[in-house]
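For reference, the structure discussed in these notes is given below.
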Amino acid sequence: MEQKNVWTLVLEKTDIVSVISEFVQMQKRGKNYLGLCPFHGEKTPSFTVSPEKNIFSCFGCKKSGSVIKFIELYKKITPIEALKYLAEKVGVDASNYLQRYDKGSKLTEDQLQIIDIENDAHTFFQYHMISAKINNDELKKFLEKRKLTHELIKEFELGFAPKDESIYNFLKQKSYTDLDILKSSLTSSKDITGNFFVDRLMFPIKDKDGHVVAFSGRDISGKSTSKYLNSSETSVFKKGSVLFNYFKAKPFINDSKEVYLVEGQFDCIALHKVGIKNVVAIMGTAFTEEHLELFKNCQINLFFDSDEAGKIATKKNLKMILFFAGKFNLKVNLIVNNLTKDADEIFNIDEGKTLTKILGAKIDASEYLFKEYIIGSENLLAKQRTKNYQEMFEYLYYLTNQERALFKDRVLKQNYLSEETYRSFESEFLVPNFPSDPSFKQIINRFNKKEGADFPKTPSFMNNFDFDDSIFSPPPIEKGFTGFVSIEDLDFKKKDSKFSNKNIRQFGRNKIISQLILTFLREPLLAEKYKDMLSQVKLRDFEERRRELLMFVIDNNFKLNNKDELKHKIEEAKITKATKENYLKALEEISFNIETINEAKIQDHLRSLNAENEVVENQKEHLTAEKILGTKK
């Protein structure tokens with residue numbers, strides 16, 4: 001366990017001056033050597049090599065590093081290839097080490113060093129598991145209680161972090177520097193010689209290529225305030241892109257096109273015990289787009305605990321899956337756990353019989369929403385029921401048209417809601433992006449910042465476009481000359497052509513937005529003047545595409561007179577297809593048969609958009625429960 005790491009061996013055996021002198025003409029200046037930098041054009045030497053520090057540095061282009069880094073940069077090869085080149089040159093046998101990495105690996109030298117440290121730490125923890133299983137009574141009891149057999153310990157490569165053995169000393173014996181050890185998140189942040197993990201069962205966390213990049217430690221004493229302790233993020237460990245057991249599960253996921261997603265490591269092991277190998281654990285972190293990309297073209301089976309935290313996690317992750325379902329061709333089922341136990345505890349009831357039965361009773365998203373929000377809201381007060389229905393329709397937005405139609409038919413036939421009430425909620429809340437969840441805006445923002453990103457198309461939007469978008473998100477209807485009606489005032493029993501996308505009535509907010517667009521089209525200087533003010537106006541979700549169109553007009557400084565000219569500009573623009581469709585859709589909602597407005601009116605309009613938004617929000621708070629919810633017959 002005291003062997004030096006291969007990077008250190010190669011560096012110790014390499015004469016940095018001799019190697020670099022093969023490519024750069026060097027002259028001795030005091031303790032160092034000086035030459036013209038090979039990485040940028042220069043006439044005055046600024047490239048220095050220090051044999052004492054075993055590094056090179058250029059004051060001109062700021063490139064610096066070890067002799068391995070020099071070879072990487074000079075020959076334009078990967079760090080692994082540079083290591084191999086020098087190892088062969090100085091006679092170090094690195095063959096076993098090099099087998100662990102693809103020669104085309106894009107990992108940097110720094111990242112490779114951290115992975116090496118994590119791998120050596122993994123050996124350290126596994127070594128101490130062997131002795132602790134025999135000598136540590138606390139660990140023996142824990143393993144017995146959790147039914148972790150020798151085979152399971154070996155299968156999941158579990159280790160043990162002792163309190164009386166220093167991992168710092170172990171890593172120093174392998175010639176790692178203090179800086180490298182600090183980067184690995186294995187020692188105490190207060191004292192580098194102290195262990196970060198103490199008296200814990202250790203789970204190695206591997207990346208998609210099978211490299212150990214982090215650890216999760218489970219307290220075995222029951223005394224720690226933190227049941228689980230996870231490595232901090234490093235340059236090789238990002239919680240948003242790594243899942244426990246993914247590397248082992250990958251071939252089974254690829255073969256079955258199905259994956260079980262559970263909360264923790266022991267849940268993962270429990271499913272493995274009953275023969276399910278295509279299972280991964282999220283380890284309490286937030287599900288991300290990077291995670292979902294790993295499951296392209298797969299069915300995801302969500303199986304979380306039945307406690308409140310588990311229910312919240314189920315809803316949160318279901319949002320992510322539905323939002324990205326179109327982009328990654330995902331399907332989702334849910335496994336409802338009505339027992340107040342996690343998967344590991346359920347397995348221990350009867351050696352997995354009950355767990356197998358539960359896992360076999362998968363339901364689709366539609367059935368889950370019916371049970372969770374329709375049946376689950378029966379005994380709630382009006383305000384909470386309203387909130388629940390709002391959430392439900394935000395999920396329903398991402399189902400196919402057929403699934404939504406069947407869901408509606410079921411709700412109406414069983415008299416949970418009247419048709420008028422159902423359509424009221426549908427028109428108000430069947431909208432994208434889960435607006436009732438403020439935290440989801442961050443996910444949308446990250447998604448939209450990606451180059452060429454557009455709103456992800458769910459299966460319903462990819463397969464058919466036969467719905468009337470204005471029914472889902474109609475503009476508010478002016479009531480007389482002042483004020484705006486709330487959903488209680490709408491009669492949804494009759495088909496009203498005024499809600500057609502092709503013939504939206506020009507009044508209220510819709511007229512205001514149309515007048516602004518038309519005015520700014522004809523007066524580009526006014527558009528530029530009010531650009532910042534416009535960007536801060538509070539718009540409702542279904543109005544955003546009109547703002548986006550308006551900003552497109554302003555950014556391009558268009559001066560146009562009619563709709564056809566603007567349509568032509570949109571079609572010619574170098575933007576993504578989906579963005580064009582969005583702009584053209586917004587254009588259809590705008591009438592050019594209205595008057596333009598003066599500058600004073602522009603200011604009034606921008607202020608009124610904000611003010612009316614507050615009025616509508618206040619109306620929602622005071623809707624009558626009977627009119628909104630109806631009663632079950």
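Here, residue 1 is simply the first one shown, and the rest follow in order.
Quick reminder: no glycine exception, Cβ is built from N, Cα and C everywhere.
Where the annotation comes from TrEMBL, it is an automatic prediction and has not been curated.
The model shown is predicted, which means the values in this text are computed figures rather than measured ones.
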Segment assigned the feature zinc finger in TrEMBL (from 37-61, 162-186, 412-436): 37-61
Cβ contacts under 8 Å made by the zinc finger (37-61) with residues that lie 6+ beyond its boundaries: 11, 15-17, 20, 23-24, 26-27, 31, 67, 69-70, 73-74
Helix-strand-coil residue split for the zinc finger (37-61), DSSP-based: 0 helix, 8 strand, 17 coil
For the domain 'Toprim' (257-340), residues assigned helix / strand / coil by DSSP: 35 helix, 17 strand, 32 coil
Overall pLDDT of the coiled coil (556-626), taken as the mean: 70
